[in-house]
Amino acid sequence: MTEELITPVYCTGVSAQVQKKRDKELGLGRHENAIKYLGQDYETLRARCLQSGVLFQDEAFPPVSHSLGFKELGPHSSKTYGIKWKRPTELMSNPQFIVDGATRTDICQGALGDCWLLAAIASLTLNETILHRVVPYGQSFQDGYAGIFHFQLWQFGEWVDVVIDDLLPTKDGKLVFVHSAQGNEFWSALLEKAYAKVNGSYEALSGGCTSEAFEDFTGGVTEWYDLQKAPSDLYQIILKALERGSLLGCSINISDIRDLEAITFKNLVRGHAYSVTGAKQVTYQGQRVNLIRMRNPWGEVEWKGPWSDSSYEWNKVDPYEREQLRVKMEDGEFWMSFRDFIREFTKLEICNLTPDALKSRTLRNWNTTFYEGTWRRGSTAGGCRNYPATFWVNPQFKIRLEEVDDADDYDNRESGCSFLLALMQKHRRRERRFGRDMETIGFAVYQVPRELAGQPVHLKRDFFLANASRAQSEHFINLREVSNRIRLPPGEYIVVPSTFEPNKEGDFLLRFFSEKKAGTQELDDQIQANLPDEKVLSEEEIDDNFKTLFSKLAGDDMEISVKELQTILNRIISKHKDLRTNGFSLESCRSMVNLMDRDGNGKLGLVEFNILWNRIRNYLTIFRKFDLDKSGSMSAYEMRMAIEAAGFKLNKKLHELIITRYSEPDLAVDFDNFVCCLVRLETMFRFFKLLDTDLDGVVTFDLFKWLQLTMFA
């Protein structure tokens with residue numbers, strides 16, 4: 001029985017987040033049920049084009065200047081002058097999608113600085129199964145050609161099916177960007193276009209890490225090795241990785257931008273991404289030598305040292321072995337000794353597809369879990385541990401380590417539980433055209449003390465002030481992803497992902513990979529309210545001085561209207577020079593009246609005004625307590641603590657909404673907004689409590705009650 005396909009429903013705002021969660025629970029976003037990117041269905045669009053006889057043109061990524069770029073490749077750039085978008089059928093009489101299978105030589109770099117992407121595409125060709133997860137079968141310029149193609153990419157936890165037309169940027173009749181060595185093969189150029197589409201433009205692909213594309217082609221996770229500190233078994237790690245279909249890339253770091261793509265005297269390119277495509281041991285002068293094979297996406301400029309294409313070392317290798325390993329001259333691919341590799345290159349990236357435990361001698365899969373989260377100014381963007389006043393507001397995740405690694409995994413080291421953490425920031429390439437780029441990100445890991453074990457609560461500031469981290473990312477760095485392999489004793493741990501500085505916004509994906517069974521969960525406070533006692537005083541119980549005050553403030557009807565309440569509160573608050581405030585608005589005063597008005601006449605009598613008066617005095621005490629710097633206003637982070645002190649426990653999303661609604665542009669919250677927020681919260685909680693007659697935390701109401709609640713709360 002075939003699995004039923006889930007069709008996505010397209011929503012906006014908060015409803016979109018709810019719908020997305022439901023879609024995931026139903027399996028949408030798995031590779032076998034990829035999401036139709038931007039709602040475009042390949043089969044439907046292709047059938048429509050074939051029926052109409054019109055070749056497909058993609059309105060979502062049109063053949064215009066802004067699809068090329070925004071600055072270096074922008075509309076008025078000299079680099080885009082003379083570019084024309086043409087289909088392969090316009091460039092030659094017999095274009096091919098793939099000729100005799102996809103190979104590494106199908107990928108030659110053009111005028112775009114996306115060698116990191118092309119190195120990953122070259123590695124992709126080493127594993128046909130993985131290749132055709134990205135490049136679906138059945139595409140051609142002959143049978144059923146309609147000018148439309150599609151590719152499947154992993155994007156931040158879900159697979160998407162990306163539709164493109166085959167209009168490609170050309171200049172003087174030749175492809176401007178990636179092309180095949182043969183010139184008549186177009187799968188790599190079309191894949192590059194699909195990748196440009198999901199990232200917003202071709203220019204957005206300029207500069208990056210090979211691991212980024214590795215992960216988008218596989219959904220795997222990448223580990224980095226500093227070759228200046230290479231582990232003793234790195235060659236075995238590389239052999240295992242290649243055997244298991246992992247994707248590998250390497251590069252030479254630069255310290256000066258002027259060295260970018262500078263060529264060394266042995267013909268290696270600095271700051272340039274290479275694919276690692278093979279590793280082999282050969283017998284040379286009676287000794288076994290470890291070799292490693294690499295490819296330059298340029299399709300030329302090869303290593304000129306030992307074991308290069310024309311080096312004398314090959315003459316002393318067994319002829320059969322030599323023929324098995326020798327590569328063509330100037331095709332961009334070459335061999336070098338592993339010793340030279342360690343000396344010449346500085347960074348190795350391995351994308352583990354499962355991921356497998358590459359450092360273990362036994363083959364096994366890891367348990368994987370991922371969470372999506374956000375950093376929002378004023379609510380969940382607290383910065384790193386250098387900012388103790390706000391660090392605690394970052395999202396928090398718990399991992400429970402239960403089983404230690406097998407004995408042969410840790411040799412003579414202390415036993416522990418291994419896991420890999422990978423923190424990825426989302427959509428940053430798309431945002432480059434708006435002047436935004438990668439934030440500096442990282443994470444810290446804390447052990448949960450025994451007294452807090454098993455409690456799914458968001459840990460507060462005092463905990464982080466009193467406890468040091470047990471592990472952390474090696475660096476805070478402005479890459480799309482940071483990852484670390486960590487080993488800790490069994491127990492519960494809190495992972496805190498963050499940007500380096502506070503108030504840096506972004507969306508992120510946090511992935512856990514554990515070798516043994518491990519439980520994970522996102523920590524958040526449960527929504528609850530400790531509402532003030534609703535005991536109603538009689539007029540006789542109210543202080544005589546307050547009665548005298550009320551009689552002076554109220555009108556002839558001895559009740560206070562919304563307008564009168566506004567006048568009273570603003571007159572009082574203006575006397576408190578230490579408070580930063582714009583005064584109470586008519587709307588906020590109306591909310592207060594709605595909360596306190598027991599008889600429904602839209603005004604406050606003596607008893608009602610007495611309750612409100614005492615409530616505001618209490619709010620003022622709380623406000624002053626949490627205005628830590630005595631600035632007359634609270635910061636958004638102080639507001640979070642003040643709300644809890646007032647009796648309300650809210651989750652991250654609600655804090656986010658409150659800061660959006662009640663803070664000023666500088667994230668300050670003044671007294672009148674603080675009061676309005678607490679009044680609104682109390683009103684909403686009381687409404688819910690009134691409707692929740694069976695106390696199960698769920699209420700059902702009709703449209704009238706919904707409108708009544710939202711219009712007048």
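Cβ from N, Cα, C; glycine included.
According to Swiss-Prot, the features are:
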{"type": "DOMAIN", "residues": "55-354", "note": "domain 'Calpain catalytic'"}
{"type": "BINDING", "residues": "Q109, D114", "note": "Ca(2+) 1 binding site"}
{"type": "ACT_SITE", "residues": "C115", "note": "active site"}
{"type": "ACT_SITE", "residues": "H272", "note": "active site"}
{"type": "ACT_SITE", "residues": "N296", "note": "active site"}
{"type": "MOD_RES", "residues": "T354", "note": "phosphothreonine"}
{"type": "REGION", "residues": "526-541", "note": "region 'Linker'"}
{"type": "DOMAIN", "residues": "540-575", "note": "domain 'EF-hand 1'"}
{"type": "DOMAIN", "residues": "584-617", "note": "domain 'EF-hand 2'"}
{"type": "DOMAIN", "residues": "614-649", "note": "domain 'EF-hand 3'"}
{"type": "BINDING", "residues": "D627, D629, S631, S633, E638", "note": "Ca(2+) 4 binding site"}
{"type": "DOMAIN", "residues": "679-713", "note": "domain 'EF-hand 4'"}
Other residues, Cβ within 8 Å of D627, D629, S631, S633, E638 Cβ centroid (Ca(2+) 4 site): F626, L628, K630, G632, M634, S635, A668
Neighbouring C-beta atoms (10 Å sphere around the C-beta of N296 (active site)): 26
Cα proximity to S633 (Ca(2+) 4 binding site), best match among recorded positions Q109, D114, C115, H272, N296: D114
Stretch-averaged pLDDT - the domain 'EF-hand 2' (584-617): 85
Stretch among 55-354, 540-575, 679-713 sharing the most Cβ pairs under 8 Å with the domain 'EF-hand 2' (584-617): 540-575
Tally of DSSP helical, extended and coil residues in the region 'Linker' (526-541): 3 helix, 2 strand, 11 coil
For E638 (Ca(2+) 4 binding site), the number of other Cβ atoms found within 10 Å of its own Cβ: 22
Number of other Cβ atoms within 10 Å of the Cβ of D627 (Ca(2+) 4 binding site) across all protein chains: 23
DSSP-assigned states of the domain 'EF-hand 2' (584-617) in counts, ordered helix, strand, coil: 23 helix, 1 strand, 10 coil
Rounded Cα-Cα span from H272 (active site) to E638 (Ca(2+) 4 binding site), Å: 47
Residues of the domain 'EF-hand 4' (679-713) by DSSP state, where helix covers H, G and I: 23 helix, 0 strand, 12 coil
Position of peak Cβ density within 10 Å, selected from the binding-site residues S631, S633: S633
Neighbour tally for C115 (active site), based on other Cβ positions within 10 Å of its Cβ: 26
Spatial separation of D629 (Ca(2+) 4 binding site) from H272 (active site) - C-alpha basis, Å: 50
Those binding-site residues listed as D114, D629, and which of them has the most Cβ atoms within 10 Å of its own Cβ: D114
Cβ neighbours of H272 (active site) where a neighbour is any other Cβ within 10 Å: 23
From D627, D629, S631: binding-site residues whose CA lies within 10 A of Q109 (Ca(2+) 1 binding site): none
